[in-house]
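Novice: TrEMBL lists 27-71 with the feature domain 'CAP-Gly'. The domain 'Ubiquitin-like' annotation in TrEMBL covers 450-529.
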C-alpha cells in the first residue's frame with residue numbers, strides 16, 4: 001500500500017475540503033503514474049464520472065457522475081476519538097503553554113526548566129477529561145476509536161456523546177467507542193454513512209444503558225435496525241430520519257421500551273406499513289413527517305370504537321404527507337391515547353378554504369385531542385367546534401335517516417363512515433333542532449363578509465388590525481382567531497363593539513354560541529378586545 005494510504009482504505013469514509021465521500025478504489029489508473037483513490041462523493045456534483053476512465057470501470061457509483069479520482073495526500077482519513085475530544089476542548093499537547101525543548105517553558109527571553117513538567121500537564125489534562133459528561137465532536141473527522149481501553153481510562157464520566165457528521169465507516173467503530181463508556185445514555189451518530197451488520201454476530205454490552213439514539217442519514221435499513229436493537233435493551237428514543245426506509249417489519253422482542261420513534265423523510269411503501277409497528281407497547285410519540293403516506297386505517301376497530309394498535313401513542317406528526325381524505329382523520333379518533341396532532345401540509349386541508357373552520361372540523365372529529373398543530377385546544381374552543389360540527393352536518397344527518405326521536409334515529413352506514421362522531425355529539429349536546437338547521441348555508445358558499453377594525457384598549461401600543469370576517473362566524477370562533485392573533489387565551493377574552501350608529505355606547509358580545517350577525521354588527525364597526 002502506498003505511503004499515506006491506510007491498509008483498510010477501501011470502503012473508508014474520507015473528507016476532502018468540505019466534501020465527504022467513500023473510497024471505492026485504491027490503485028493505479030491507466031496512462032498515469034502513482035496511486036489514486038477512487039471516491040464516490042456524497043454530493044454527486046463534486047464528481048466527474050461513474051467510476052470509469054478511458055473505457056475501464058475501476059469502481060461503481062450510484063450516480064452517473066458521482067465519482068472521481070484524487071491523490072491520497074488530498075484525502076483526510078480522520079483521527080481517533082480522543083484526539084478529536086482533546087482538540088475540541090482545548091486539551092491537546094499543542095494547546096498547552098508555549099514550550100521550548102524538553103521540560104522547559106519560555107518566559108519572554110528567559111528559558112526555565114521544570115522537572116516533571118510533561119507528566120504534570122498530562123495529569124491535569126486527565127483530570128479535565130474525566131470531568132466531561134456531555135461531549136460533542138461533531139464534524140471533527142473522527143474515524144476510529146483509538147487504542148484499546150484508552151477512552152475508558154481518560155473519559156470515565158461521559159454520558160452524552162455527539163459523533164454526528166464524522167468519518168465513521170462502520171457500526172463496529174461505534175461499538176468500539178461506546179463499549180468504553182460505562183454509563184452512556186445519549187448517542188448521536190447521524191450523518192455518518194456506515195456499514196451495519198447483516199447478521200447477529202456481535203455480542204456487546206456497549207449500549208446497555210443507552211436511552212436516546214440518533215441514526216439520521218446513516219443509510220441504515222429497518223432490518224438492520226431490528227438486528228442492532230437486540231443490544232439496545234432500555235432504548236426510549238430512536239431517530240431514523242432520511243434513511244430511505246421504505247418497508248417495515250414487526251419488532252419481535254426488541255424496542256419494547258421505545259417511547260419516541262422518528263421515521264420522517266423516509267418514503268414508506270404505504271400507510272399499512274404502520275400496522276407492523278403498532279404493537280410497540282410504550283410508544284408515546286411517532287413522527288411521520290414527509291413519509292409519503294396517503295391514508296391511515298385501523299381495520300380492527302369499527303365506527304366509534306378504539307383500536308388496539310398504538311395503545312400508548314399520545315403525540316403523532318403526519319405533516320407534509322399525501323393524505324387527501326377526511327376518513328384518515330376520522331380513523332385517528334380510534335387511537336385511545338392520542339392527545340397531540342401535527343397534520344399541516346396535507347391535501348385534505350385544501351378542501352376547506354376557511355382556516356378556522358378547518359381546525360374546528362379536525363377538533364370535532366378527534367374527541368381527546370388537546371393540542372393541534374402546536375396550539376392548545378381550549379375547552380371553550382372544543383365546545384364551539386363540536387356544536388358547529390353538529391349544526392353544519394345536521395341536514396346531511398336528517399337526509400341519511402337521522403331523527404330527533406331515538407327510536408327512529410337510524411342514520412345510514414355511509415353517513416356514519418363519514419361522520420363517526422356525530423352520534424356521540426348528539427348524545428353530548430342533544431340532536432340539532434329544526435330551527436338551528438333552517439337556512440344553513442353549505443360550507444362551500446361564501447358568507448357575507450364584514451370588514452371590522454379590531455382594537456385592544458388595554459394595549460395602546462398594539463396597532464388596530466382590520467379583518468374580514470363572515471357575519472355567520474360565532475363569537476367563539478372570533479375568540480379563537482384573536483387568541484392566535486394576539487397570543488392570549490381565548491377563554492379569558494371579553495369582546496364588545498362600537499358602532500357609528502350607537503355613539504358613546506358599547507355592546508357586549510357575551511354569548512359565545514351566537515354569530516356576529518345576531519348582534520347587528522356591520523362593516524366599519526370596531527371590535528374591542530379586553531382580558
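From the backbone N, Cα and C atoms, a Cβ is placed for every residue, glycine too.
Quick caveat, the model's predicted, so the values are computed rather than measured.
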Novice: Could you tell me how many residues in the domain 'CAP-Gly' (27-71) are helical, how many are strand and how many are coil under DSSP?
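Specialist: Final tally across the stretch: 3 helix, 16 strand, 26 coil.
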Novice: Kindly report the helix/strand/coil residue split of the domain 'Ubiquitin-like' (450-529) according to DSSP, in that order.
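Specialist: Per-class counts: 19 helix, 26 strand, 35 coil.
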Novice: As a test of reading the model: what is the averaged pLDDT for the domain 'CAP-Gly' (27-71)?
Specialist: 94
